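Written out below as structure tokens is the structure these notes cover.
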């Protein structure tokens with residue numbers, strides 16, 4: 001009886017807490033004020049469509065903890081009374097706030113009530129938060145706008161091409177129409193401006209607009225009945241979408257359907273270079289950024305990624321303080337896309353590396369480049385956990401209509417089936433799986449808009465695809481990884497060659513919203529490199545696992561091998577955990593070292609001549625993938641002890657110390673000279689990652705026959721001079737598959 005009473009009381013308490021959370025007002029918080037860091041400032045509350053402040057009466061460190069956690073930080077370091085960060089304006093929303101520190105929102109703490117205060121703004125409270133942010137916390141800027149926009153009046157907006165342009169891809173020109181109460185209506189162009197056209201083109205993925213042949217549209221409008229929408233549109237030109245523009249004056253269309261002296265609105269957009277058709281080569285085979293100073297990394301789809309800028313020859317990231325759609329749109333247009341769909345914060349698309357070049361970016365939306373915007377050079381306090389990212393509007397190319405996944409358990413997996421021309425008609429068929437790998441699978445998932453590839457399958461007998469699509473219609477597929485669609489990859493064309501045929505051997509994929517991203521700590525490699533002369537009798541296990549040069553097999557046990565040793569620290573800065581490709585059942589047992597290898601080749605270690613030829617090499621099998629250490633606030637998930645689960649958690653790193661077997665390159669046979677020391681992680685693409693360009697690390701080194709000097713170590717793609725060098729490395733790795 002006592003137990004049931006206790007359970008009843010506990011249930012009532014849980015129910016009361018849930019009801020309390022549902023009843024508490026929804027508020028948003030922000031930090032404001034001058035001369036402050038991004039993690040500190042005057043505490044402001046957004047309530048009842050108005051920003052206001054918090055009085056310092058009875059405020060405490062517990063209340064500061066609640067506020068900082070609500071803002072996405074791990075907690076508070078301190079709080080400050082008496083408007084230390086300047087006096088705010090408007091309402092003082094909260095006074096006499098009493099928190100225990102366990103509340104999920106400042107609104108859950110007892111207070112005088114919203115707007116009930118006897119304070120002045122000279123008593124505005126400020127907080128100083130822990131600089132570390134809660135992993136995965138999404139930051140949303142709340143903006144107040146009392147102006148009625150199109151979003152409140154229309155259901156949809158489109159660009160409708162004239163009949164002679166219907167087959168053009170992409171559609172760059174046509175009538176701008178809005179859907180209201182289920183009917184499409186044209187817009188009168190009397191109040192239409194080039195700024196409106198700029199916004200309309202941007203939302204459809206185009207960076208600019210141009211003039212069009214007015215005579216053609218005037219002639220067409222004279223022959224067709226018009227159905228005008230009853231409002232004009234007023235855009236400033238920096239909106240990300242026409243629906244964000246203000247409604248202009250109401251129009252009074254005449255009975256004959258005209259709008260005074262005007263005509264239906266027409267826009268003609270200029271596509272970015274990657275989407276512009278060419279009579280000689282068709283669409284560009286792969287997306288390449290048009291500007292050298294800004295790039296996107298870590299995104300699954302074309303037009304999205306972490307924003308990186310080039311400064312003094314080194315690529316770095318942008319801190320997300322004040323990051324918004326205007327700044328994101330400048331980036332998107334600069335790279336040949338349209339306006340921004342999203343301005344992402346909190347390293348939503350993975351963490352970068354190297355310096356943080358820009359902070360507190362403020363753009364008007366009309367700048368030609370992000371580097372033209374105002375920004376703070378001082379990124380003190382910013383970390384890669386705050387890397388800004390974008391998702392851009394891109395033109396509709398129709399790629400998704402020509403590919404599908406069939407037979408999978410969910411929409412993210414299945415046999416790959418493509419639409420191909422055969423005997424003058426379009427038919428669905430399969431893709432030959434010979435040499436099919438994760439790079440090709442990445443292109444498929446991108447074409448379908450399903451994110452990253454998690455696996456590539458060369459057998460799909462367990463997925464019952466469309467029986468009418470069993471025939472192979474594409475073979476010899478080899479992708480570089482940057483293509484927007486599978487037909488843009490190299491393939492055999494009409495001359496199909498697939499010895500195994502389709503059916504059970506058709507290519508398949510599984511896709512995922514997220515992917516890991518491994519990056520080596522180049523500085524640690526540079527700091528820990530040294531030479532060791534080690535006797536052969538202590539290297540028998542290493543010899544068995546092919547960690548020594550082939551000449552070592554000719555040596556007796558009393559001879560020595562010269563080893564270039566170093567430590568490696570491999571960070572997962574992606575969006576999901578890095579796991580071995582194979583499960584327990586497929587791991588390989590190595591008797592000499594008495595451990596399993598979850599990946600036979602996890603890293604390649606190479607010493608190269610200055611022209612790129614290998615002069616010595618090594619490799620490291622993943623006998624143990626685990627979370628050696630993690631960032632603050634992240635718990636270890638993978639441990640090798642007792643044959644535990646293997647992997648590297650997001651925000652953690654695995655360390656291979658210099659003093660363990662095979663953590664070296666055998667340089668016994670190397671002559672004195674200048675060389676390139678190279679490490680490649682996941683060289684065979686056994687596990688999917690969001691970015692492979694940063695899997696390569698290179699150092700310069702000089703060997704005099706006795707000593708070795710290692711310097712200038714850096715990750716692939718981290719410097720402007722790496723672009724050609726590392727794209728070449730990517731091609732070399734492709735040939736290994």
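From the backbone N, Cα and C atoms, a Cβ is placed for every residue, glycine too.
Listed features, source Swiss-Prot:
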| type | residues | note |
| --- | --- | --- |
| SIGNAL | 1-18 | signal peptide |
| DOMAIN | 29-130 | domain 'SRCR 1' |
| DISULFID | 68-129 | disulfide bond |
| DISULFID | 201-269 | disulfide bond |
| CARBOHYD | 256 | N-linked glycosylation site |
| DISULFID | 319-382 | disulfide bond |
| DISULFID | 332-392 | disulfide bond |
| DISULFID | 363-373 | disulfide bond |
| DOMAIN | 403-512 | domain 'SRCR 4' |
| CARBOHYD | 423 | N-linked glycosylation site |
| DISULFID | 432-498 | disulfide bond |
| DISULFID | 445-511 | disulfide bond |
| DISULFID | 479-489 | disulfide bond |
| REGION | 516-718 | region 'Lysyl-oxidase like' |
| BINDING | 517, 518, 689, 691, 694, 695 | Ca(2+) binding site |
| DISULFID | 541-592 | disulfide bond |
| BINDING | 593, 595, 597 | Cu cation binding site |
| CARBOHYD | 611 | N-linked glycosylation site |
| DISULFID | 624-640 | disulfide bond |
| DISULFID | 630-652 | disulfide bond |
| DISULFID | 699-713 | disulfide bond |
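Overlay of Swiss-Prot annotations on the structure.
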residue : record                      : Cβ neighbours (10 Å)
68      : disulfide bond              : 26
319     : disulfide bond              : 27
432     : disulfide bond              : 25
593     : Cu cation binding site      : 17
595     : Cu cation binding site      : 16
597     : Cu cation binding site      : 20
611     : N-linked glycosylation site : 6
691     : Ca(2+) binding site         : 23
694     : Ca(2+) binding site         : 23
695     : Ca(2+) binding site         : 26
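Cα distances from residue 269 (disulfide bond) to the binding-site residues 593, 595, 689, 691 are smallest for 691.
Taking residue 595 (Cu cation binding site) as the reference point, the recorded positions whose C-alpha atoms are within 10 Å of its C-alpha, out of 68, 432, 445, 624, 694, 699, are 624. With respect to their backbone Cα atoms, residue 695 (Ca(2+) binding site) and residue 332 (disulfide bond) stand 26 Å from each other. For residue 597 (Cu cation binding site) paired with residue 201 (disulfide bond), the C-alpha to C-alpha distance reads 53 Å. The separation of residue 689 (Ca(2+) binding site) from residue 699 (disulfide bond), Cα to Cα, is 23 Å. Taking each Cβ in turn and tallying the other Cβ atoms within 10 Å, the top scorer among the disulfide-bonded residues 269, 479, 640 is 269. Broken down by DSSP into helix, strand and coil, the domain 'SRCR 1' (29-130) contains 16 helix, 32 strand, 54 coil. Of all the disulfide-bonded residues given, namely 129, 332, 592, 630, the one with the smallest number of surrounding CB atoms inside 10 A is 592. Across all of the region 'Lysyl-oxidase like' (516-718), the predicted model scores a mean pLDDT of 88. On a Cα basis, residue 611 (N-linked glycosylation site) lies 47 Å away from residue 201 (disulfide bond). Residue 432 (disulfide bond) sits 23 Å from residue 689 (Ca(2+) binding site), taking the C-alpha atoms as the reference points.
The shortest Cα-Cα distance from residue 382 (disulfide bond) to any of the recorded positions (392, 511, 593, 624) is found for 392.
It is 373, among the disulfide-bonded residues 201, 363, 373, 511, whose Cβ has the fewest other Cβ atoms within 10 Å in the structure shown.
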